[in-house]
Structures are given as C-alpha cells and as structure tokens.
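Heads up: the structure comes next, in structure tokens.
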C-alpha cells in the first residue's frame, strides 16, 4: 500500500504583492518565489504531516521556484526523505511554454531520462493525460509514502480524475487554496485507489 499526498505549493509572492514582484524581480513571470509567510506555512504543513504519522521516502516537486521552496520546507521535517525534481509535474501551459529560473529555455518533458509525447504549449486534454501519466508512474515506482508538490490546476485535474472513478464521492475541485492536500492510499496488488482513503484538506 502506497500512501500519497499531493500538495499545492505555498503562498506565492506575485499574487500577494504584485508591485514588489514587478519592481524586484520581473524576469521569469511564471516563476514567482514564495512570500515569507509562504515559507512559514509550508514548514507547518510538513510538521502536520509528521504528526499524523506520515513519513515520505520521496518528496517529488515541480521545477518552479515556489514548488521547490515548498518541498524544501516540508523536507526540513523529514531529513531522511529524498527530494526529486520531476519535470512533468509542471504547471498547465496552454498558451506558451514557461521559462523559469531552473530552465530558462523551457521545462523538459522527459521522464526517467526518456523523452515523452508531451510538449508545450498543451491542450487541456493533453494536460490531463500528462497529470494522470506522471502520478501513475510515481506511484508505480514506490512502495512507501510519497509527497508530490505541484500546482493548483494539476491538483484540480487529479481530483476530477478520482471523482470520475468514484462518482459517489463528494469532491470539490473548484478551489484549491495554498497547500491544499489531496490524500489517498493506493493498493498496488489490486491496482486501485482505495475509495475510503480519499481526503482533501483545504487548510493551510
């Protein structure tokens, strides 16, 4: 059984203080860092995970500054966890490929050293395929607890995916505040998400 936590990144600077972002940064528009408060509540989220008995072997993160910073703060609570940058956890890119600090020419679309069929910009349907592909692969590659730090749009897509599997569940994907956490257990023997384990925590 693999326990999975998919977490939206913490509070981003450009939405909270756009003028400061414009004056002091203003280069990679898609790659805002966190606010000071964002760092604090990300670490708090890590402590809450630990207090619940969760102990991830791997913490996977999208390659954006805000997701990597969130993952790094969570990792301070789990010093034995391994932090892994996973390209395909990237934000939805419908109009143009995002240029970010780590990849100023655009984010790669490889998985496990191999090129995939995905590219940017992308349609909504290809984005859904990408989300389902990468989360499936990360679960396949693990037998212990994992954390996935990513973006609100990706979280919404995967919540809708679970809703399509279990229509009787009442899952709300319309709004995903900072650090929204989707939790579930995956039974690898039966190759399925355990319905009773699905939970969304909107608190931060």
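Each residue, glycine too, has its Cβ placed from N, Cα and C.
Feature annotation from Swiss-Prot assigns active site, tele-phosphohistidine intermediate to 9. As annotated by Swiss-Prot, active site, proton donor/acceptor applies to 86, with the evidence given as similarity to another entry. If you look up Swiss-Prot, you'll see 151 marked as site 'Transition state stabilizer', on the strength of similarity to another entry.
Looking at 9, 151, the recorded positions in this record, the fewest other C-beta atoms within 10 angstroms of the C-beta turn up around 151. Residues within less than 8 Å, Cβ to Cβ, of residue 86 (active site, proton donor/acceptor) and separated from it by at least 6 positions along the same chain comprise 60, 61, 62, 63, 111, 134, 138, 148. Reported as a whole number, the C-alpha separation between residue 9 (active site, tele-phosphohistidine intermediate) and residue 151 (site 'Transition state stabilizer') equals 6 Å.
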